[in-house]
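Engineer: Please see the structure below; I have some questions.
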Amino acid sequence: MPNISRDEVAHLARLARLAVTEDELDTFAGQLDVILQSVARVGEVAAEDIPPTSHAVPLTNVFREDLVRPGLTQQQALAGAPAAEDGRFRVPRILGEEA
Amino acid sequence: MSDLTRLTAAELADKIQKKDVSAVEVAQAHLDRIAAVDKTVNAFLYVDTERALSAARAVDEDVAAGREPASPLAGVPLALKDVFVMEGAPTTCGSKILEGWSPPYDATVTRKLLEAGVVILGKTNMDEFAMGSSTENSAFGPSRNPWDLDRIPGGSGGGSSASLAAFEAPLAIGTDTGGSIRQPGSVTGTVGVKPTYGGVSRYGLVAFSSSLDQGGPCARTVLDAALLHEVIGGHDPLDSTSIDAPVPPVVAAARDGARGDLSGMRIGIVTEFQGDGYQAGVTAAFVQAVETLKGLGAEVVEVSCPHFDYALPAYYLIAPSEASSNLARFDAMRYGLRTGDDSANSAEQVMALTREAGFGAEVKRRIMIGTYALSSGYYDAYYGQAQKVRTLITQDFEKAFESVDVLISPTTPTTAFRIGERADDPMAMYLADLCTIPANLAGTPAMSVPAGLSDEDGLPVGLQVMAPALAEPRMYKVAAAFEAARDAASGGALIHRVPELEA
């Protein structure tokens, strides 16, 4: 089925928040096409009435007592941050110029 | 005393308890070995000399005071795959995006190891975020296979497997999402075990594909793997998918198997995992292994699992889909790399620039494939259909285990390939996981035990043994019996035929 275009790869990269280069677009377009053509083989299997499996073992929700327990301190939580200010994560502006 | 590095974990633990040797001497011997050979092997990304020696001293104090050992592995050194967090030790997952990050907590596996008196030497190299079969996707250079330094030690856990085969550590921890414990075990002549999904806690394991990721033991002998399995296994309330049941008695099974009697055991060869595409020497070693198993009294038959042929494509849809979601956490805001934060760029631009700079090519490919497979319009044909194939693979296992106790196959179709050989061909690289993936999709346990050496290149071949969920004792018994017979037939353990590294 696939035949994924360079434009489609650029779109995927935008969705995935990857600022890929022009060279990468060329390389990835070819590679993703080969990979997607190959994995499309799953479509050969007649599986209309087969239920999907999302997890290998059946999952049931697990509850625990709603008790306070120790967590990370503010200092520990911020220790790995690329930038912190006034005891908080400092992030770049979140609104666009035009906003 | 360099020969300490040649002993098994069981032997080392015994000698430490008998005061034949101190845990500090054992740790120092391995640290010396790492210092001597790891420039060549590149198994370790980080060595924690100070904490390793201090953990060893604590074991020696217990021994001196006559206290019960914390576990049967007290004082034994171990190499921890760099995908499990350990407080204060850098965890990179082989990625630039996490370079320099120091986790503020211990994974449950790490905690259990420390409480068991296991001496953690350091963190081992891996394909970035466990995506790969060679360690060539590590941002910190490939690890090398001690059997032939021009070849790959498998992946993603190639640092762990290389550390075992280079005698830098007698034990290691791996994670297996599509074969990342078993395939490295196969190509380095070591033992690697993927437990039943949920058998070992994922708390503190950096997620790649949450429904498939499973931590497990790596060692040079089946018994050592079993001893480690019992230390790291068990229920963990911090992992909602952890199985609330006792760890299967794998140590007893390994000891039982070593007695060499497999009479009454029914073993199935997977029809689909032989023939074209398998290296001649791999097939020959596998056929020889089957003869050995028959000689031990096992009944061996062929069993068809028709949907196993579709395991590889289903996996390369499901795993990237989960990865595209899991890796969204690397957003340059709370930890890890940040690039392009120049006050002009928005948070979203910084995110995209950081992920572009921090992720390697394979990670980007998989994130984009996952994004594609989950897109509306493609979801049913790709991700949805892959999930149905997953059900059919589980049903193939269930049907097979109605007639046999365990299934066997080669662990991977070839011996270790050359570094660079498949680096530019993602599909060729993916084929390394062909035989290991079904067990991940079904969540069932499987392991690789050294089968022998391939005729044409003298490199190790692995025998894969697969069992039903929570029936690990069966596969340990078969693997231990096979190991004992194989060693007896060739006059010693395979691993001792690894060439001496230039120190």
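Cβ coordinates are placed from backbone N, Cα and C, and glycine is handled just like the others.
Residues annotated as active site, charge relay system in TrEMBL: B:LYS81, B:SER156. The feature active site, acyl-ester intermediate is assigned by TrEMBL to B:SER180. Look at TrEMBL and you will find B:25-473 tagged as domain 'Amidase'. Among the features that TrEMBL reports, region 'Disordered' is placed at B:134-156.
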Engineer: Looking at the active-site residues B:LYS81, B:SER156, B:SER180, which one has the fewest other Cβ atoms within 10 Å of its own Cβ?
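Structural biologist: Candidates: the active-site residues B:LYS81, B:SER156, B:SER180. Fewest Cβ atoms within 10 Å: B:LYS81.
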Engineer: Work out how many Å separate B:SER180 (active site, acyl-ester intermediate) and B:LYS81 (active site, charge relay system) at their Cα atoms, rounded off.
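Structural biologist: Cα to Cα, B:SER180 (active site, acyl-ester intermediate) and B:LYS81 (active site, charge relay system) are separated by 11 Å.
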Engineer: Which secondary structure state does DSSP assign to B:LYS81 (active site, charge relay system), in the simple three-class scheme?
Structural biologist: strand
Engineer: May I ask for the distance between B:SER156 (active site, charge relay system) and B:LYS81 (active site, charge relay system), taken between their Cα atoms and rounded to an integer number of Å?
Structural biologist: 10
Engineer: Counting by DSSP secondary structure, give me helix, strand and coil numbers for the region 'Disordered' (B:134-156).
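Structural biologist: Computed counts for the region 'Disordered' (B:134-156) are 0 helix, 3 strand, 20 coil.
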Engineer: State the mean pLDDT for the domain 'Amidase' (B:25-473).
Structural biologist: 97
